[in-house]
Structure formats: C-alpha cells, structure tokens
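Student: Please find one structure pasted underneath; my questions will follow.
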Amino acid sequence: MITLDKVTWLYRHLPLRFDLHVDAGEKVAILGPSGAGKSTLLNLMAGFLTPHSGELWLNGATHNKTPPARRPVSMLFQENNLFAHLTVAENIGLGLHPGLRLTSAQRCQLKDTARQVGLENLLERLPAAISGGQRQRTALARCLVRQQPILLLDEPFSALDPALRAEMVKLLDEVCATRRLTLLMVSHNLDDALRLAPRTLLVVDGRIYYDGPTAALASGESQAAAILGIDC
C-alpha cells in the first residue's frame, strides 16, 4: 500500500531519509520530538514536498512527482481550515467539487458521510455555530468524502480537550474499520497512539529510529521509549 524506498528530502542541505512499508488497512502512529521530521514524512506522501531521491509508492503506483490532488490520499491537519462563510455541508462538499457543483449521487454521498461522523443534524450550520470537536468532524468528513484509501493526519486533535480527543480517536477507529482505510497519524500524545494504532514509528533527526509495537513504547519495554521520556 505505502512504500518509501530511501526517500530523501533535503532541509537546508541536511538529508531526511525514510525507508518504510505500510500494508493496506494498517493504522500507524508517528511520534517523535518537535522538528524531527514527522510532518515532513506525511508531506512527502501527500505531495506537498518532492523527494530529492528515492522511490515513493502509494496504492501500487509511483508518486514521486504526482500533484497532491491526484494522489490516493486525504490529509487532515491540526487546523481544520474550514471556511467561515460556508455551511457544514458546503465545507464537506468542497472535498467533492471545488465549485460545489455536486451531482445528486454526490449529495447522497455527502449526507452518508455526515451521518457516519455524527453531523447529519448540523449540515446547515456555520462553523462558528458548532463546537471545536464538531468542526474537526467536519474537516474529517471532507477528507472521507473523497473516498481515498489512505488517510494522513497531522496532529488533528491536539487542540481538543482530553474527552473530545478520546471521542475523536474512537470515531476514527470506527471509520477506518468500516472503510478499510490505511492510516498514518502524527501525534505528540502516546495515549492517542496506544488507543488507535498497534504500530508506531518514532522519528528522530530525520530518520525512523523505531518501528514496532506501540505497546512496547508505552510500557518502556523498548529502549526507544527513553526518547519519549518513558523509563525503560
């Protein structure tokens, strides 16, 4: 599903290099210190950065230079980037057509997705009239409505309080299972990773320092847990 073979990106002439394989349907957390290269890894997959060298494969095809809109991925950021003057339905609809000219089938698809994330009764509201958790659900729905097999999340829930964050993690787990999505999620929260992703990548200094069970990091069983301040 996802393969990075010696994918290298230069940051101020310093190479960040990634080797990685993720099977279809896997849920993988990406942890590590600030500035280690976690977001860079996602941006290379999403197409916002172009590798200097190496091969990037997504869903069985090479995508080193494919524009973001033509890659089999959707990406959700910490900032939900909703348009304040558009309704919830219109913000979701942008995932289907930038001009919001939707077919009847697409309107049905939008409503089905909204129902799946619990927004079916909020479609006519503006973002300012809904909660922070509901705004993130709207942004997630906009990703899901595109029906891409790979979902990339860059600290999507860090601005939410613990209860809302746990609620969103549970929702995401259900959505991934229902849609059989392949998920990679950057986070600074090991608890979120433990609840959602059996596998974790620990990125340090532009390299994948650890690739293994999330539980081994949380328990301190792996020596790599020391990077996260966990006693081994």
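In case you wondered, yes, glycine gets a Cβ from its N, Cα and C as well.
What you see is a predicted model, and the numbers here were worked out from it, not measured in a lab.
Sharing the features that Swiss-Prot gives for it:
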type    : residues                                               : note
BINDING : GLY32, PRO33, SER34, GLY35, ALA36, GLY37, LYS38, SER39 : ATP binding site
DOMAIN  : 2-230                                                  : domain 'ABC transporter'
Student: Under a three-state reduction of DSSP output, how is GLY37 (ATP binding site) classified: helix, strand, or coil?
Tutor: coil
Student: Inside 8 A of the center formed by the CB atoms of GLY32, PRO33, SER34, GLY35, ALA36, GLY37, LYS38, SER39, which other residues of the chain have their CB, for the recorded ATP site?
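Tutor: Filtered neighbour residues, in order: THR40, VAL203, VAL204.
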Student: Radius 10 Å, atoms counted are CB only; among the binding-site residues SER34, SER39, which position scores highest?
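Tutor: Of SER34, SER39, the one with the most crowded Cβ is SER39.
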Student: Of all the binding-site residues given, GLY32, PRO33, GLY37, which has the fewest Cβ neighbours within 10 Å once its own Cβ is left out?
Tutor: PRO33
Student: Within 10 angstroms of the C-beta of GLY35 (ATP binding site), what count of other C-beta atoms is obtained when all protein chains are considered?
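Tutor: Summing over all protein chains shown, GLY35 (ATP binding site) has 11 other Cβ atoms within 10 Å.
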